[in-house]
Amino acid sequence: MKTQDLTSLLKAMFHQSKEMIIFVDRHGEIVYMNEEAQTTLDERDYDRNQFVNICGHCLGVGNNDSYDCSNCFLLSREKLTFQVYMRTQSGEKAAYVANFQQIDHENNISVFTLNPLSELMKQQEFEHQKLLTQRIIQAQENERKRISRDLHDGVTQELLNLLIEMRLFKYTLDREELDEKIKNSEDTLSYLLDYVRNISVELRPASLDDLGIEAALKTHFKWTEKQYGILVDFDTNLKSQRYQPEIETVVYRVIQEAVFNAAKYSESDEVSVKLQEVLSFNAVHIHFEIKDEGNGFIMEDDPKGSGLGLFGMQERISSVNGTLNINSEPGVGTKVEGFIPVEESIV
Amino acid sequence: MNQSIRNTLHSLKEKYEFEIIALTDTTNSRGNFTFKWKYVFGSENQRWKRMELRKGAGLPGLVLKTGKSLVIQDVHKIYDEEGLLSYPILYFEKVKSFVAMPIWSDDEVVVGVLVLGNRQPSQISELKYEALKTDVEETLRIEILKEMMAI
């Protein structure tokens, strides 16, 4: 076992490790640091021959880009696996997973080791992205399937019907019988027209582009009531104001999704939708609220469906710098609330 | 609301042991492509009252289009949750097994769609279905036709 000297192994480890190893005293003065730390950390401002303080390199402890010194590791004897932000040679900040342990109690020397977090996060991010892409592709495929089925089962079949009906016209000699048949075909045609119109409105309502959010939502709610039997109580102070098209789309789609969720999961007979232009902090905002008094759900639980709906709402809202709040409690109901800053409404 | 149709529906529901029974409107006249649920007993909510049914869509739409009965013992074997949403009456009433059948007039027009459902999967034997079908033809169908004549 003891074929090599521990000291030489430790030295080799210290010098060659891809992990930053820094020895500091109790004031944070750097006693030693390894090559990795020297090449990584920003040293431009310091005289290399002098002891320098770790605080010159460290930005603070924290996570998710918020960090400060309130939780400084220097104040503790031992602090394991925490996240710390350091300034690197290129002047950028980087996140590390750090360990801080006092190893020499007499001289108050501690060892501070740092592992880059970005690699780990990149991998996680990548995996997450992959999963998300898969789900989005799946959702897209499902949507296509639905449209294709709608076209095939509805439109194609009825058209074929019509074709056969009309072929029979020429064999019908009796005038009255022919009239009857023509009337039938007429009915089929107007039914088809209705059907196609429904498909196209479902995909994207023309009224959203032509008449604005209020008109489009009203039409949509009427459809929701007929389709799912849920009463939508719509209250708005938007008359026929128009906003930038991307904002109108976001508002329409997010409200649509929230109402759909209420219809699908709340088991309530009614959902209320409020849509208002408000003045807050001296800026114009669109504020909306979708509320039901139905089942509700536990916020931390796994989503009942794919979870893509909620994710999509968040994504859409943040694309126009808005905020979205979802609140739900079992037995009480669910409230979805959104704020979107808008320029003065465009006429 | 026709009292004798109500009574007939109630007794069918009891006799064949279903938790919910639903019958659509009979007015499927020209130029009007939507119809509604007219009688629903055993429902847990009021949604069916507002639902509008279209000829090609939903469960009644399917029955109307094919003119055939549908007997399903476990809906989850056939539809997933999303697919079930295309049949709102099944989704919102949590129906897991059901019989759906068209009711024909004498001149071969469907005058209504009848749905009998349970909230858990259940065996619906051919024997039971046949008995039900005969019963519906002899009682409910007659009542519906009577009502139509009266109008």
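Glycine too: its Cβ is placed from the backbone N, Cα and C atoms.
Over in TrEMBL, the protein carries these features:
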{"type": "BINDING", "residues": "A:Cys55, A:Cys58, A:Cys69, A:Cys72", "note": "[4Fe-4S] cluster binding site"}
{"type": "MOD_RES", "residues": "A:His152", "note": "phosphohistidine"}
{"type": "DOMAIN", "residues": "A:154-344", "note": "domain 'Histidine kinase'"}
To test your reading of the [4Fe-4S] cluster site: which residues beyond A:Cys55, A:Cys58, A:Cys69, A:Cys72, same chain only, put their Cβ within 8 Å of the Cβ centroid of those residues?
A:Gly28, A:Ile54, A:Leu59, A:Gly60, A:Val61, A:Phe73, A:Leu74
Can you count the other CB atoms that lie within 10 A of the CB of A:Cys69 ([4Fe-4S] cluster binding site)?
14
Rounded inter-Cα distance in Å - A:Cys58 ([4Fe-4S] cluster binding site), A:His152 (phosphohistidine):
64
Tell me, if you would, which residue among A:Cys58, A:Cys72 (binding-site residues) has the fewest other CB atoms within 10 Å in the structure shown?
A:Cys72
Using Cα coordinates, what distance in whole Å links A:Cys72 ([4Fe-4S] cluster binding site) and the residue listed as 'phosphohistidine'?
66
Determine, from DSSP, whether A:Cys58 ([4Fe-4S] cluster binding site) sits in helix, strand or coil.
strand
Could you find out if DSSP has the residue listed as 'phosphohistidine' as helix, strand or coil?
helix
At the level of the C-alpha atoms, what whole-angstrom distance separates A:His152 (phosphohistidine) and A:Cys55 ([4Fe-4S] cluster binding site)?
69
Packing count at A:Cys55 ([4Fe-4S] cluster binding site) (other Cβ atoms within 10 Å of its Cβ):
15
